[in-house]
Each structure stands twice: as structure tokens, then as C-alpha cells.
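Record features (TrEMBL):
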TRANSMEM  C:46-68  transmembrane segment
TRANSMEM  C:88-107  transmembrane segment
TRANSMEM  C:146-177  transmembrane segment
TRANSMEM  C:197-216  transmembrane segment
TRANSMEM  C:237-257  transmembrane segment
Amino acid sequence: MFDNYRDVDERYVTDTTLVDVEGLHFSRGENDIFRGVDLRIPKGKITAVMGPSGTGKTTLLKLIGGQLVPDAGRVCIDGEDVHGLSRRALFRMRRRMGMLFQSGALFSDLSVFENVAFPLRVHTDLPEAMVRDIVLMKLQAVGLRGARNLSPAELSGGMARRVALARAVALDPELVLYDEPFVGQDPISMGVLVQLIKTVNQALGLTAVIVSHDIKETLSIADYVYIIADGQVMAHGTPQTLDVNRDARVKQFVHGEPDGPVPFHYPAPDFYRDILATKGERP
Amino acid sequence: MKRSKMMEFGVGLFVLAGILGMVFLGLRVSGISLGVPQDTFTLQANFANIGGLKSGSRVAMAGVTIGRVSDVALDTEWLDARVTMELDEDLEGKISRDSTASILTSGLLGEQYVGLSVGGDPEMLEEGDTIRDTQQALVLEQLIQQFVSNMTSD
Amino acid sequence: MIRPIASLGRGTLEALSALGRASMFLAQSAVGIPSREGWHLWLRQMHFIGVMSLAIVLVSGLFIGMVLGLQGYTILVGFGAEDALGQMVALSLLRELAPVVAALLFAGRAGSALTAEIGLMKATEQLTSMEMIGIDPLRRIVAPRLWAGFISMPLLTVGFSVVGIWGGYLVGVQWLGVFDGSYWSNMQSSVAFVDDILNGMLKSVVFGLVVTWIAVFQGYDLIPTSEGISRATTRTVVYSSLAVLGLDFVLTALMFGELG
């Protein structure tokens with residue numbers, strides 16, 4: 001169905017691929033979450049992975065980060081199969097990745113400064129003065145240098161996410177994974193985050209994967225978009241091509257229409273019969 | 001920094017209190033003495049029956065504790081119980097050869113212990129010697145049996 | 001007919017797999033022996049788990065000792081044996097009450113807090129993000145807590161015993177008039193250091209390990225929602241109380257079973 005897109009986009013994508021996901025299958029219990037997902041994340045670009053809630057977007061990030069193991073298929077980062085690595089090699093690979101979690105996931109027992117310093121202290125033997133310089137630089141970039149002595153509990157949701165962003169890029173990773181970075185943010189901090197992700201990406205020349213269902217914000221910064229539904233890639237392309245996609249499901253998602261191929265109603269018996277049912281017939 | 005010093009102090013105090021508590025339990029509650037283990041004077045005695053006597057039981061003379069039972073074993077030669085006692089060193093050479101060792105009970109239902117009573121022999125027991133004159137533990141069932149058979153024979 | 005048997009089978013399999021996960025978890029975290037750099041993490045947990053539980057343990061110990069003094073006196077005075085009060089108070093505390101009650105209080109005070117804390121870390125993705133940064137949360141989060149609980153428990157038990165014996169002394173000697181000398185001397189002649197005190201300590205070491213293990217595992221293994229956290233907290237208290245009481249019987253049978 002989407003073959004025509006593939007021909008066009010293949011050239012766009014293949015120049016340099018950092019993350020290559022092939023035929024990914026994953027299930028949790030009885031639920032098939034992915035049934036053969038193929039993705040190519042180009043180097044130095046912002047790639048968005050979108051889809052309705054509950055399609056396993058966060059799971060996809062965990063598969064890329066090597067925290068979950070797929071039932072079938074491969075995830076290659078820079079040519080290395082993530083799930084074929086030894087534990088030690090995996091941890092070494094994770095030094096080249098940063099991840100921004102939905103909730104920020106700041107360590108509640110450490111101050112803002114120590115949170116950002118944490119990856120540096122764990123992975124490097126830099127002298128204290130250098131650690132301080134790097135941390136202040138990263139905090140300056142997200143505009144929270146003044147908040148370095150606060151504890152995570154004292155931060156607002158948007159601030160916590162900005163600190164988490166500073167922590168995610170503390171080691172200057174090649175790949176940053178953003179898990180729902182815009183969810184539950186007020187318009188101002190949303191704007192700040194969108195701007196930050198974009199500038200950080202350009203300044204550090206890193207590759208970003210954004211998982212989100214906030215269409216407007218995501219499409220405004222993404223270079224390339226994958227839409228996932230029903231465990232498969234439903235559509236992919238640049239934001240412009242998706243905007244004019246005529247497929248009903250893509251249209252419903254991209255334009256946020258309440259009813260369409262994805263029904264508004266949870267499956268139920270006919271409404272009038274249900275309403276008129278006597279007590280005895282109720283399930 | 002100040003807070004972490006306080007914490008260190010608190011934890012240190014906690015551990016110290018635990019150690020002091022353990023020392024208190026050892027000294028005051030179980031009554032072990034920290035002094036150098038005293039030199040002891042070992043005697044042995046064979047009993048036909050030791051009843052409930054066990055290693056660690058008291059050895060007393062005139063009601064005063066003078067040592068402990070260190071070992072109870074079966075003498076395979078005589079097929080009776082061989083009890084080894086460790087007594088205060090001061091008593092070495094002061095217990096006469098014809099002294100009696102008997103197994104007594106403190107109170108009606110109390111613990112059993114070894115009671116030594118001194119004889120008149122001028123020769124004294126030496127380290128490792130065996131007391132010849134012993135009296136076995138009173139076994140309640142045997143007493144009753146004796147009593148009953150005496151009654152019937154009358 | 002088939003359904004109950006099938007659900008029995010499923011229950012057994014689930015219990016076995018939880019036990020397996022819990023054992024793996026213990027084995028993996030126990031290797032995180034407090035190192036020099038991890039020292040402050042361990043210290044912090046000693047403070048949180050041990051020092052903060054001290055007050056409740058000591059107050060309970062005092063009351064239990066006082067009650068033992070009072071009850072023991074009224075029973076013993078009937079046999080004219082009130083001189084044996086010290087022996088009774090000390091033996092019941094050292095062998096049974098101090099390790100068991102201190103462990104139960106510890107499960108309620110520190111165990112539930114540990115579960116909730118680790119559960120919250122899991123719910124807010126702190127554990128996952130730690131893993132992504134390349135640090136094993138078992139070593140950084142779980143191991144210091146496990147070791148702190150393991151070390152705190154015997155110390156708390158010693159405190160409980162000492163305060164309890166003193167409480168029995170207050171009631172028996174100071175209030176009811178048992179002779180001071182016989183309270184202590186009877187105690188000393190009947191309490192054996194190895195058999196009674198060390199065995200009691202051994203119990204508390206086992207309880208400390210089991211309670212902390214249950215608490216951190218429940219926190220680590222829970223479903224990361226607010227309902228999951230509250231359920232896991234309840235489970236920690238229930239499971240660890242049952243484990244303490246059951247193990248107490250087993251340990252008592254092993255330690256004191258042949259006496260008598």
C-alpha cells in the first residue's frame with residue numbers, strides 16, 4: 001500500500017543510517033506489540049516515531065536501548081546488533097546513548113547538579129573542577145544553571161524535564177532517545193522544550209529519536225516521521241508528505257479527527273438494544 | 001556537608017550502642033568474666049548413673065561453687081559414666097584422696113550438680129586423679145520402686 | 001473439576017517463578033558489598049533503616065520488659081519463686097521476644113518504607129534511567145539497603161534486649177520489691193552466652209536478612225502504579241511477618257530443640 005512512498009524515501013534515508021531496526025517482533029504475554037517493524041534512523045537528524053497511545057512506542061525505545069529483548073528481528077546501532085552484545089559491551093554502548101524519560105526520572109535523592117553530574121562521575125575520571133564546568137555548561141544550555149542546588153522535588157514538571165535533558169546529553173552522546181517529551185506540559189514549557197530539543201540537536205550534531213503523540217510539536221521539529229499502529233509501520237515520510245497522505249488512518253491521526261478507522265466507541269452491542277434491555281439481560 | 005557529618009555521627013553512635021549493649025549482655029546478663037581464663041585443676045570421677053548432669057553443670061563444695069563439669073562420657077571399660085571436672089587451681093593438693101563426689105539436685109526440681117565432700121586421708125588428690133568414692137544420682141523411679149518393694153516385703 | 005486444579009497449578013508455577021526471581025535478585029545484589037565509594041550510600045541507609053528505627057524498637061522493648069516483669073512476678077510469687085524473675089525476663093527476651101518483636105517492628109517501620117521508596121523509584125523510571133546511564137540499580141540502590149538492614153537488625157535486637165531487661169528490673173526490683181542481687185545473680189547463673197545470647201543474635205541476623213530481602217524485592221518487582229505500590233507495601237509487612245514467625249519456629253527447633 002505504501003510502496004510508492006518507500007521508493008522515494010529510501011534514498012533520503014539510506015545515506016547514513018545510525019539505527020537500523022529490522023523485522024522486529026515483540027509480544028508481552030498474549031499481546032503482540034510489534035509484528036515486524038522496520039525502521040531506519042538517519043544520522044544527525046531528528047526522527048519521530050508516532051502513533052496512538054498504547055501502540056508500544058516506549059517499548060520501542062526500550063528495545064533500541066537494549067533493556068528489552070525482541071522475540072525476533074534485530075536492532076543495529078552503527079552496525080552492531082544491540083541484543084547480541086555482552087552485558088559489558090551493552091553498558092559501553094549505552095554511554096553513547098542518552099535517554100529522556102517521560103517523567104524526567106531524576107534521582108530523587110540527588111540535587112539537580114548531582115543528577116547532571118551522575119553520568120560523568122560514573123563513566124569518567126574527570127577532575128572535580130572539570131565535572132563542575134561541564135555540568136554548569138549543560139545546565140546553562142537548558143537555562144537552569146541557577147537551579148543547580150534545588151532538589152528534584154522542588155522543580156516543576158517542565159523544569160524537571162529540562163534537567164533530565166541536560167543529564168541525557170551530559171556525556172555528549174551520539175544518539176538521544178526522547179520518550180514523550182511534551183506530554184503534560186503547559187504551552188510555554190512545551191515551546192521551550194521544542195526549541196531546546198531542536199537547538200541541542202543542531203549544536204551537538206546528534207541523532208534524535210522522539211516518541212510522541214503530540215502531532216503539531218513533533219512534526220514541527222522532525223526531519224522524518226514513522227507512524228506505528230497495530231504493531232506495524234503504518235506510514236513513514238517527511239512531515240510534508242505525511243500531511244498530504246490520503247490514507248484514511250494516517251489522515252485521522254495526523255489531523256486528530258475524533259472518529260474514523262480508529263473508532264471512537266469501544267466495541268459494544270447496539271446502543272438502542274443495550275438501553276432498552278431489561279435487567280435480566282444485562283451482562 | 002554538615003548533614004552528612006550528622007548522619008555519620010548518628011550511625012557511629014548506633015553501632016557503638018549496639019556493641020556496648022552486647023558487652024552489657026555478656027557481662028551483666030550471662031555473667032561471663034573477661035579475665036584471663038584461670039588455670040584449672042582437673043579431677044575425674046566415675047558414676048553408675050549421672051541422671052541429668054551435663055557439661056557445664058556446677059561443682060560445689062559445702063554449697064560454694066568451685067568449678068564446672070567440663071566433659072561427660074561413657075567409660076567403655078567399666079560401662080559407667082566418666083565425668084571430668086575443672087576446679088579452681090587453689091584447691092590443687094587440698095582435696096584428700098578419700099573425698100566423696102555425689103550428684104545432687106538443687107531444690108526439688110532444680111538442676112543437678114556435683115557435690116564434693118572432703119574425707120580425712122592425709123594423701124591428697126593430684127591433677128587428673130580420679131575420685132573413687134562416688135554416689136550416683138537419685139533417680140526418682142528407682143526410689144519409688146525401692147520403697148514399694150520394701151513395703152511389700154514387710 | 002478441572003478449573004480448581006488448573007488454578008492450583010498456575011498458582012504453584014507463579015509462586016515458583018517469583019521465588020526464582022527473588023533468589024536471582026538476592027544473588028545479584030548481595031555481591032554489591034559496600035565499597036569505599038559506595039560507603040556514603042550504605043551510611044545513608046544505615047541511618048534511614050537503623051537509626052530511625054531505634055526509637056520505636058527501644059520504646060517497645062522497655063514496655064515489653066516491664067510487662068514481663070509484672071506478669072512474671074504475679075505468676076512466680078505464687079510458687080514463692082519471685083527470685084527467678086530475672087532469669088525469666090532475660091531468657092524470654094534473649095531467646096524469643098527481642099529477635100521476633102524487633103523484626104516485626106522493623107518490617108513495619110523500615111520494610112514498608114523500603115518497598116514504597118524503591119517502588120516509587122521504579123514508577124518514576126529512576127531505575128530504568130539508571131540502567132540506561134549504565135549503572136546497575138541492583139548494586140547502587142538495592143545492595144546498600146540490603147546490607148544496611150542485615151547489619152541494623154542485630155544491633156536493634158541488642159538494644160531491645162538491654163532495654164527490656166532494664167524494664168523488667170524497674171518493675172520487678174524497684175516497684176515490686178524483688179531482691180536486687182537475686183534478680184541479677186539468677187539471671188547470670190541461667191543465661192549462657194553462646195546458647196542464649198548468640199543464638200538470639202543469630203536469629204536476628206536471619207530475620208534482618210529475610211525482612212530486608214522481602215522488602216526490597218517487593219519494591220523492585222511491583223507493578224509501577226500507585227495501586228501496585230500500596231499493594232506491595234502491604235505484602236511486605238504480611239510476608240515478612242509470616243516469614244519471621246515461621247522461621248522463628250524452625251530456628252528455635254534447631255537451636256533449643258534438644259534441650260530439656
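Keep in mind that glycine also has a Cβ here, set from the backbone N, Cα and C atoms.
Unlike curated entries, TrEMBL annotations are predicted automatically.
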Whether the transmembrane segment (C:146-177) meets the transmembrane segment (C:237-257): three or more C-beta pairs under 8 angstroms: no
Distant-in-sequence neighbours of the transmembrane segment (C:197-216), which means Cβ under 8 A and at least six residues beyond its ends: 22, 26, 29, 49, 94-96, 98-100, 102-103, 106-107, 110-112, 114-115, 118, 142, 145-146, 148-154, 156-158, 161, 191, 236, 239-240, 243-244, 247-248, 251, 255-256
Surrounding residues of the transmembrane segment (C:237-257) on its own chain - C-beta under 8 Å, 6+ positions past either end: 95-96, 99-100, 103-104, 107-108, 111-112, 195, 199, 202-203, 206-207, 210-211, 214-215, 218
